[in-house]
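Notes for the one structure printed next.
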Amino acid sequence: MVEIGADGRTWLLSGPTSSYGLRLGDEDELLHLHWGPRIALPDTEALAAGPGPEYWAFEATLDGHEEYPVEGGPRFVRPALSVRTPERRGTEWRFEGYETAGGETEGGETAEGEAAEGAGGDELRLRFSDSGLGITLHYRMRAGTDVIERWVTLANEGPALEVLRADSATWTLPQRDGWRLSQLHGRWAAESRLVRSGLTYGEKIIGSRRGHTGHQHLPWVALDADGTATEELGEVYGCALAWSGTWRIAVAQLPDARVQITGGAGYDDSGLLRLQPGETFVTPVFAGLWSDGGFGGASRAWHAYQRAYVIPDAEQDRPVLYNSWEATEFDISEEQQRALARRAAEAGVELFVVDDGWFGARTSDRAGLGDWTVNRDRFPGGLKPLGDHVHGLGMQFGIWVEPEMVNPDSELYRAHPDWVQFQPGRKRTELRNQLVLNLAREDVQEYLWEQLDALLSSAPIDYVKWDFNRAFTDAGWPGEGYPQRLWVDHVHALYKLLDRLRAAHPGVAFESCSGGGGRIDLGIMARTDQVWTSDNTDPLDRLAIQHGFSQVHPARAMAAWVTDSPNAQLNGRVSSLRFRFVSAMAGVLGVGGDLTRWTEEELAEARTWVELYKEIRPVVQGGELHRLRAPEGGLSAVQYVRDGEVVVLAWLQAQHYGEPSLPVRLRGLDPSASYECLETGEVHRGAVLLHHGLRTGLRGDFDAAVIRLRRM
Ligand code: DGJ
């Protein structure tokens, strides 16, 4: 809902529990009034009429109060918009007008990284201009959620200008005694790890200057006032960026105890792109959410938003997948894949995916990337016979690709050495023996479209795992001026290619992978069906990675595989099949071990777990998540609830002193209802489960349990 003050200069957007208020000042400055619990229009007007910010010579009146601080004039906070022409730098805008659009938004520009479907929501557009540059600020409260999507359109009708920085939004948080920041940091094989720290004065910057979202930070932050929020209680503000390239989020604690969070595409301030007369740039969405349900409530609200507006076909459950990578790496053949597929089908798998190594001269990571034709030594009849075999076993068939890359040892590179990102006279840095294609080039875009379209038409392919295994290092396009658009245009081209492939092959699902979880963000999630969470498949490390991931993204998108023990990829850790399965059942279950080496007993046990997963899947993938105990201690647990069905997954790393593990207190139940445990047949009172907890019966090392309860 958008409400407008009588003078047409105050606006209030409201969702089910929250409101967002802003006002246009006398000098056309756009002032932030409120973001927090739901309020009424008169409250907003009272805020607008209240005492303004104090002013003295060394502080700027506007700092900490503006919706979208531009560079120039009496401002010292981080500018969200910084542009320059040969004559001058900065912006002095005039207000042009506003529009609102209710329900299904029509006619408005869509944002980059925006969900492919589900345009529901109320939108407010505020238009400004400066010397021919049109600046539109977009606000959209997604229907039924408290998520506000913000983005900005720059439409240049004036002389050419350089956009040094164009953030999607600045979010302003109210004055509080103190603020605590939650972020998800990591590196390869250790992504999405949650860390909380008190915010101090100055700025905290996270981001990526790598050309992809990066393993180092998820583009998300949460702030709780006074550091008092718990898992179930307290005010939490969160912001998440829908962008899969280089990005930055700056969290600034201002001197007056306000916080401003500014985020958008690009890392540095030195130049994003040039805007010629007649050109338009639309920033990605930077979404914000206020919740008073603690960190758990905020996560559930983010999950509901993504299921409703971001993830394609989120109402459809994802199948149980098998992926051969950890079992075979590059050493693959049709016969071996058929053998794995037969074992996978026996285990109850529903989607069989051939990973790297099926194309070109790709027998190691040194050659073949870029040549998307089947290696006939390995698959003499192409991929179709294997695809048919997999379908005959009752499974869907998937393949791995890495379209944005090329090995110098490839037909593609030999034919088009100028198709990569490079700078003349400089080294072409190889990482994993590969270079990055310049996707800003239309010929490269067209080549990839033709190759992938032909590939998807050549065999019965239902699923594509789309990988990206190195960062940008030599991002240059000889002949193109600076700032080089390829940082931004690469992401646009990637999105366009995915959109085009999805439209042409509507039955095909896509997975976003980047050496594990290097490309997880709301932008890529709008175009893929699930993401590869991490190359770390150790079931214990995964609990922490999944705990972090779940802060913002839902289980419906979080792929997790059961692999071999001892863990061959990382640490040699020995863990029970039970522990490995229950760990992976917290997301979209997959199997990634060498099934030809699993014993018949292990395969039979796997089948039992897969069957159980299929039963609980609608609750795990579509239910509300409650994190009952974080994975730091020996015992951790999560719970999913959907329509009276409850699933608890619990893990015990190690039992000490023979002590029984503590009961876990459940959440989100009706205290006055009774719940039957499907495992034991016992009946529990809701109030007892909520206040005294459920005994998991876990003991020893690497024990785990799935407990199902049904409301009676
Ligand atoms: C990195 C991915 O994360 C792995 O799962 C696998 O697909 C390899 N790339 C293949 O090169």
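Positions of Cβ are set from backbone N, Cα and C atoms, glycine also.
Keep in mind that TrEMBL annotations are predicted by a computer and have not been checked by a curator.
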According to TrEMBL, which candidate in ARG165, ARG210, ARG432, ARG441 joins TRP188, ASP355, ASP356, LYS465, TRP466, ASP467, PHE468, ASN469, CYS513, ASP535 at the substrate site: ARG432
Distance in Å spanning the most remote Cα pair of TRP188, ASP355, ASP356, ARG432, LYS465, TRP466, ASP467, PHE468, ASN469, CYS513, ASP535, given for substrate: 19
Around the Cβ of ASP535 (active site, proton donor), the count of other Cβ atoms that are within 10 Å: 20
Between TRP188 (substrate binding site) and ASP535 (active site, proton donor), the C-alpha gap once rounded to whole angstrom: 7
For ASN469 (substrate binding site): intrachain residues, at least 6 apart, with Cβ closer than 8 Å: GLU402, MET405, LEU431, ARG432, GLN434, SER514, GLY515
Neighbourhood of ligand 1 - recorded positions from TRP188, ASP356, ASP535 with Cβ under 6 Å: ASP356, ASP535
For ASP356 (substrate binding site), the number of other Cβ atoms found within 10 Å of its own Cβ: 23
Integer Cα-Cα distance in angstrom, LYS465 (substrate binding site) to ASP535 (active site, proton donor): 13
Whole-number Å value for how far ASP467 (active site, nucleophile) lies from ASP535 (active site, proton donor) (Cα to Cα): 12
Least Cβ-crowded entry, counting other Cβ within 10 Å, from the recorded positions listed as TRP188, LYS465, ASP467: TRP188
